[in-house]
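Here's the structure we're looking at; comments come further down.
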Amino acid sequence: MVSLLENPLRVGLQQQGMPEPQIIVIFGASGDLTWRKLVPALYKLRRERRIPPETTIVGVARREWSHEYFREQMQKGMEEAHPDVDLGELWQDFSQGLFYSPGDIDNPESYQKLKTLLSELDEKRGTRGNRMFYLSVAPSFFPEAIKQLGSGGMLEDPYKHRLVIEKPFGRDLASAQSLNQVVQKYCKEHQVYRIDHYLGKETVQNLLVFRFANAIFEPLWNRQFVDHVQITVAETVGVEDRAGYYESAGALRDMLQNHLMQLYCLTAMEAPNAMDADSIRTEKVKVLQATRLADVHNLSRSAVRGQYSAGWMKGQAVPGYRTEPGVDPNSTTPTYVAMKFLVDNWRWKGVPFYLRTGKRMPKKVSEIAIHFREVPSRMFQSAAQQTNANILTMRIQPNEGISLRFDVKMPGAEFRTRSVDMDFSYGSFGIQATSDAYDRLFLDCMMGDQTLFTRADEVEAAWQVVTPALSVWDAPADPTTIPQYEAGTWEPEQAELLINQDGRRWRRL
């Protein structure tokens with residue numbers, strides 16, 4: 001595997017500078033995200049010499065662990081989640097920068113002990129007062145953690161102290177606004193990094209370059225040439241061990257309002273004045289403010305929810321959502337959501353955007369598909385000569401890349417046409433173009449680059465778009481009225497009707 005420093009796509013490019021040494025404080029450090037994603041991402045950056053060796057990680061959680069036990073747990077987690085990663089001499093050096101501070105989210109004494117430890121580590125590790133506080137805890141704990149950090153004086157330096165907040169940011173518009181008020185009481189906006197790890201993926205970042213750096217595509221990126229857009233994020237897994245969280249969230253809050261909305265924004269936004277954080281985020285806010293559900297008066301024509309029922313995945317029988325451990329047998333929580341957006345602006349007027357996401361679907365895939373209009377000519381009328389619309393697809397996962405489908409004549413004496421794909425894949429370079437995206441996001445946060453993080457008004461604008469659906473779906477409902485789809489299938493029948501009513505159909509992936 002070729003390392004990032006040997007990535008052929010980066011040949012001839014100036015490397016991003018190295019951030020200053022700093023302490024990264026992870027709240028909720030006993031959770032699996034820490035050993036599955038966060039610590040491995042930071043270790044990857046260290047292996048690639050993208051962060052200084054003085055970089056220090058402090059885990060915070062309720063369990064009474066020692067520094068050494070925390071290091072052992074992180075190593076065990078690395079061995080389990082990333083068995084191919086070398087944990088030799090470099091890991092031993094890296095792990096000496098791992099520390100632990102036990103404490104409760106709502107206990108001021110815990111924060112004072114943490115503050116004392118951070119001061120000691122500044123002297124010992126040479127981190128110069130630079131801090132990143134990463135909230136990897138249940139969303140209900142966000143306000144209290146921020147209040148305790150703020151009142152304890154740990155967010156007071158607007159240039160050295162940064163706050164990273166995992167999604168979801170709120171559970172509706174009102175709670176997002178309330179959380180923003182808490183954040184703004186103790187932080188400047190430039191200190192706050194609302195993380196969405198989808199924005200760390202190569203293909204997502206490549207969207208802006210693909211659109212605005214290539215003259216052959218941007219002129220076609222509008223209502224004159226685009227028939228519709230489909231954005232899909234499909235998962236094969238079920239709720240697994242997240243029933244407690246998922247029952248209160250569902251597919252709309254867990255996936256569509258954040259991950260899919262970010263893909264949507266980058267697809268639909270106007271060109272920013274500059275490739276900097278505020279310019280890009282301002283354009284995302286503008287397109288969100290112009291976005292609406294297609295029909296809020298007849299919600300079924302613009303939004304569909306569903307739940308997976310018992311079925312088969314890869315030859316194995318799997319239970320339905322309501323029979324999963326920890327799930328209410330009468331749950332109305334959606335594991336599938338499909339929505340139709342319209343954009344009231346000059347570029348996209350009349351072009352529908354169809355977004356869908358679900359669990360227990362036939363395959364794990366995330367993509368953006370731009371469906372162009374069919375040619376107006378009737379010259380290809382016979383069945384053998386029938387042409388198909390061009391489709392530009394950006395694959396987010398797996399096999400990240402970009403493909404363009406177009407029609408050609410088949411070789412031979414007969415005049416027959418067929419569709420072919422012109423394809424670019426990051427894998428063709430012999431590199432792993434993406435990891436879990438957290439390494440890029442960590443590095444950007446350490447460098448103070450907010451481009452791939454959401455701004456306060458952007459979060460609120462995204463919640464505003466889906467509020468009409470939430471207001472209906474959050475109301476008590478008869479469980480028998482929730483559409484079902486068998487595990488291992490693509491969607492409930494009602495979701496098919498959502499797009500079929502417009503004379504279109506979902507892509508079969």
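Cβ from N, Cα, C; glycine included.
Here the structure is a predicted model, which means the values were calculated and not measured.
In the three-state DSSP scheme, ASP104 (NADP(+) binding site) is classed as coil. Taken from Swiss-Prot, the feature NADP(+) binding site applies to ARG62, ASP104, ILE105, LYS167.
Counting every protein chain shown, 17 other Cβ atoms lie within 10 Å of the Cβ of GLU235 (substrate binding site). According to Swiss-Prot, the feature substrate binding site maps to HIS197, LYS201, GLU235, ASP254, LYS359, LYS364, an assignment based on sequence analysis.
Around HIS259 (active site, proton acceptor), taking its Cβ as the centre, 22 other Cβ atoms fall within 10 Å, counting all chains. Mapped onto three states, the DSSP output places HIS259 (active site, proton acceptor) in helix. Summarising the annotation, Swiss-Prot assigns active site, proton acceptor to HIS259.
Here HIS259 (active site, proton acceptor) is compared against the binding-site residues ASP104, ILE105, LYS201, LYS359, LYS364, and the shortest C-alpha distance is to LYS201. Listed binding-site residues: ARG62, HIS197, LYS359, LYS364; maximum Cβ neighbour count within 10 Å falls on LYS359. Sparsest Cβ environment among the binding-site residues ASP104, ASP254 (other Cβ atoms counted within 10 Å): ASP104. Put simply, the two farthest-apart Cα atoms among HIS197, LYS201, GLU235, ASP254, LYS359, LYS364, the recorded binders of substrate, are 20 Å from each other. Considering only the residues assigned to NADP(+) binding, ARG62, ASP104, ILE105, LYS167, the longest pairwise Cα distance works out to 21 Å. Spatially, by CA atoms, the binding-site residues ASP104, ILE105, LYS167 include one closest to ASP254 (substrate binding site), and that is LYS167.
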